[in-house]
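**Q** Dropping a structure here in C-alpha cells format, bear with me for questions.
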Amino acid sequence: MIDNQHKTVLLYEAVDSLNIQNDGIYIDATFGRGGHSSLILSRLGSQGKLISIDRDPEAVKKAKLMKDPRFSFIQGSFSDLYHYVKKLDLMGRINGLLFDLGVSSPQLDDAKRGFSFMRDGPLDMRMDPSRGLSAAEWLMKVNVENLAWVLKNFGEERFSTRLARAIVERNRLNPIKSTKELADLISHVIPVRNHHKHPATRSFQAIRIYINNELQEISSALNAALEILSLGARLSVVSFHSLEDRIVKNFIRQHSRGPQILRGLPLTEIQIQSMWQPKLKLIGKTMPSQKEVLDNPRSRSSILRFAERIN
C-alpha cells in the first residue's frame, strides 16, 4: 500500500539493514505513507508481526488502508515508544526498529500543513495539528533572545539575531500568518549566499524542529531502543540533516565504544570493562546512490546508520 506520489528514501537499504526474520517482531517508528512498512510486511512470514507508529493525520489514513493481520498501527509519537512496547508486553522481544526522521515529501508538498517555504499556506508546521502551538502562534509569543537561540542551534543560521529581531518587530506591527510572508521576510533580511539554496531553508528547519520537539524526541526514542530490542536485533535510522545525524551517530558511538576515559587515570582494561559493557555493535552506514539522488533530489542529504543490539 505504498503511496505512489511519495518516494521513500533508502527504501531497500533501510529494510535490508533490519535483517528481517520470518517470524520476527518489527517496529516502523515513522510510518509516513507506508513505504518501509509495506516492504517489511512483504518479507515477513505468516507468524511475523509489524507495529507501525505515526502521529500525522494523513499517515493514520494510509495505515487504515493496510489490511494485514500481521500489521498493527499506533497513532502517537515515537518518543513514547517505551510505553507502547511495555503496554504490549513486548519488552526485549523486538527484532528490529526503524526510524525515518524528518518531514516527508507529502507533508512538504501539502501547502495547508505549513512546512514549506515553496508553497504558500498557513504557518503551522505541526506534525500533529491537534496538539501544541502552531509556528505562527509561537512566533507571536517568543522574544528575540529565545528565537535567535532556536534559529542558531536548530538551523545553524549565521544571521540568527538579525533575523529574530526582524521577525519579532514584524509580528508587533503586522502578525505573520503564512509561509510566504515568513519566507519573504527572511529573504529580505538575509543576504543570498548560495543561489542553489533558499535563504529560508535553515530558519524553516529550525522553527519546525522546535515546534515539534524533534531532537529531544529522537534522543528519547533511541534510549528506549536499548530497552525494547532483543539480543541480535537491529536498530536502523535514516536522517536528513546534520543535527539529526549527529544525535544518531553519537548515540551509536556511545553505546558501542563506551565512555571516553581520560588518559593517565589509574584504570586497567579489566576495570574499565567491569564498569561498562557495550550495548550496540555498529554494523554500517549507507548513503543514497547517484541514481536515487537523480530520481529523488530530496534524498541527497540522507544517511542510514544501523547497529545491532548486543550484551
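Cβ atoms are placed via backbone N, Cα and C, with glycine included.
The S-adenosyl-L-methionine binding site annotation in Swiss-Prot covers Gly34, Gly35, His36, Asp54, Phe78, Asp100, Gln107.
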**Q** Per DSSP, Gly34 (S-adenosyl-L-methionine binding site) is which: helix, strand or coil?
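**A** DSSP assigns Gly34 (S-adenosyl-L-methionine binding site) to coil.
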**Q** Could you say which of the binding-site residues Asp54, Asp100 has its Cβ with the most other Cβ atoms inside 10 Å?
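**A** Of the binding-site residues Asp54, Asp100, the most buried by Cβ count within 10 Å is Asp54.
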**Q** Pick out which of the binding-site residues Gly35, His36, Phe78 has the most other Cβ atoms within 10 Å of its own Cβ.
**A** His36
**Q** Among the binding-site residues listed here (Gly34, Gln107), identify the one with the smallest other-Cβ count within 10 Å.
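**A** Ranked by other Cβ atoms within 10 Å, the binding-site residues Gly34, Gln107 bottom out at Gln107.
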**Q** Widest Cα span across the S-adenosyl-L-methionine binders Gly34, Gly35, His36, Asp54, Phe78, Asp100, Gln107, in Å?
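**A** Max span of the S-adenosyl-L-methionine binding residues, Cα based, is 18 Å.
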